[in-house]
Amino acid sequence: MLPSRHLRAVARQRSHRRPAAAGDVFSVKPDAEVIRRNKAITAHMRAGRVLDAERLFTEMPRRSTSTYNAMLAGYAANGRLPLARSFFRSIPNPDSFSYNTLLHALAVSSSLADARALFEEMPVKDSVSYNVMISSHANHGLVSLARHYFDLAPEKDAVSWNGMLAAYVRNGRIQEARGLFDSRTEWDSISWNAMMAGYVQWGQMAEAQEMFNRMPQRDVVSWNTMVSAYARRGDMAEARRFFDVAPVRDVFTWTAVVSGYAQNGMLEEARRVFDAMPEKNAVSWNAMTAAYVQQRMMAEAKELFDAMPCRDVASWNTMLTGYAQAGMLEEARAIFDMMPQKDAVSWAAMLAAYSQGGFSEETLQLFKEMGRCGEWVNRSAFACVLSTCADIAALECGMQLHGRLIKAGYGVSCFVGNALLAMYLKCGNMEDARNAFEEMEERDIVSWNTMIAGYARHGFGMEALEVFDKMRTTSTKPDDITLVGVLAACSHSGLVEKGISYFYSMHCNFGVTAKPEHYTCMIDLLGRAGRLDEALNLMKDMPFDPDSTMWGALLGASRIHRNSELGKSAAEKIFELEPENAGMYVLLSNIYASYGKWRDVDKMRVMMHERGVKKVPGFSWIEVQNKVHTFSVGDCVHPEKESIYAFLEDLDIRMKRAGYVSATDMVLHDVEEEEKEHMLKYHSEKLAVAYGILKIPPGRPIRVIKNLRVCEDCHTALKYISAIEGRLIILRDSNRFHHFRDGSCSCGDYW
């Protein structure tokens, strides 16, 4: 956000407008009724009642420039940037206040290109205009452009100088900040404090101390800066020394010490200082409450919250966030419902609580409620709901959110852009994912890693490596997560030699030391390729003991290559490390069943029962017309089950004519072949795909999610179905994506 002083300076311009032209409906001194209504519009806008302000504006028989400016400022203050922009063009005679208001709104919303265009268009530019351009570019790290506007300014006031100084400080260009500081002597205490705070921010405490010692006059902010600095560094002894010798203390000095003790886990000391405070404000109470919240001491936090004489929205948000992070969703929702006033943080915190807790339906319902309440959706809320859409593959809902993002005037920044990218990837929409990636205004390491890992999970190894190669031409340096994605791409696509090359060169070429995750990818890569001895040798040579994930990769490879002895050895290691991992019992049972070793299958079943291990039931779901339909094996509750089963019966006949044979050796029961076929026919993913074919128009992909790994029979069946029905079927299982088209799968049967 730009400093509030810009807004105050803009507001002062109301009294410096040009005289109205002859015959203009706007007068220098509007009548009392116009003034009264202008004030009412401003009051409505400040209270967030945009519709009431619009209604009053429409009903006014006469308007002044102040009327238009009140509406424009209201739209800007309420985050209605698209409306502000279109409304600005309707103002008959915009003045400096009009231009600077829109300029400020564009700058705050990160629309810097549009802000620059408007700045060039302005017939008259004043110090406010230049200061907005300086601060806005500085806030986005564009310090050279900020300096450009600083140098262009014909008259520089204290805001200009302090804005440029702050630009250097915030962006870590301390030497240039010091050069600017030393270039003049008329600095006020704000400037001295800013320079000192800059040194503190970038960890140069000796220089900060030197500035503090040189200050011609110290105020309470100076002392608070040093107290807070040492507290944040964990040096509470020095923080306390400054606190004790400070000639003047205010509530923020005391609160800085409370926060310092709290952040360093010294709750008893924090509480002693808090109890000794001669005066407390909401920030003080919130700091102490947050200290308990951070330590998950919600009972103590609740006791303090109940005793607070001056709660603000931050107080409620602190408790809400605390309950959410502790997994106490009922308590979080109770706090949310009791809040006398909610802000964007409140809504985003509650959305995050539901989303991270896996309550997808509640997340989407709350988001709809947020819209009905007229609450403006911020970036955090958008990112949170996009994440939920990704988790349940609600593509249609996610695409609608994408449209709302554009209408809201949000640029595709890293924060929202990465959430949008992840949503498209997890929903299996590679084309829109790539488009979203290309349209991002900027990309960070998360953006590149998400795209590489996304291609890897979809089985498009070469595309993943192409993105990696493109990343290497930028200033973004690959990290350990990047290389996990690269190795996974090689593993999922059978690019064995490339994977080996990347693994053994990543320390030299990228400075990345191999971690367990990288070794797991390599074991998976070698195991899938049938190079089981090499995988075992790699595990023996590792600088750490194999974990259950590595043994799981080897067990999966044993299933693929029908090596029951190695599979048994790997499973035994997993049972030692994770005795409650039901998936591994089932995987080993599959290996035994494929060899007809029914006694061993029975032993696995008995072992699971004795250890209290329960098999996770398989579910698949599909989104049709904005509604998510869930299926289980042999589902008998879906309202359209009869038509689904009838379609599957017909489809089964056509599949067998085309050469499909059920993989009955995967059935974990020693029963007749016909019964085995019946068991396989109604797996949840087949039901979901059948329903999708019945309900989704031809030409559109069928997108299904399964909570477990797809079985061999369903994988084969879906290849046949894609060819017979001429449909693209995208299945996301617990391990990866499968794109079935024209009888083949993107994984190349390598999953």
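Each Cβ is built from the backbone N, Cα and C atoms, and glycine gets one as well.
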### Task
Examine the ranges 1-22, 441-462, 507-528 and name the one recorded by TrEMBL as region 'Disordered'.
1-22
### Message
Please compute the mean pLDDT of the model over the domain 'DYW' (659-751).
### Response
83
## Note on the structure
For the repeat 'PPR' (312-346), the DSSP residue counts stand at 26 helix, 0 strand, 9 coil
### Query
Under the DSSP assignment, what numbers of helix, strand and coil residues are found in the repeat 'PPR' (444-478)?
24 helix, 0 strand, 11 coil
### Query
For the repeat 'PPR' (250-284), DSSP counts of helix, strand and coil?
26 helix, 0 strand, 9 coil
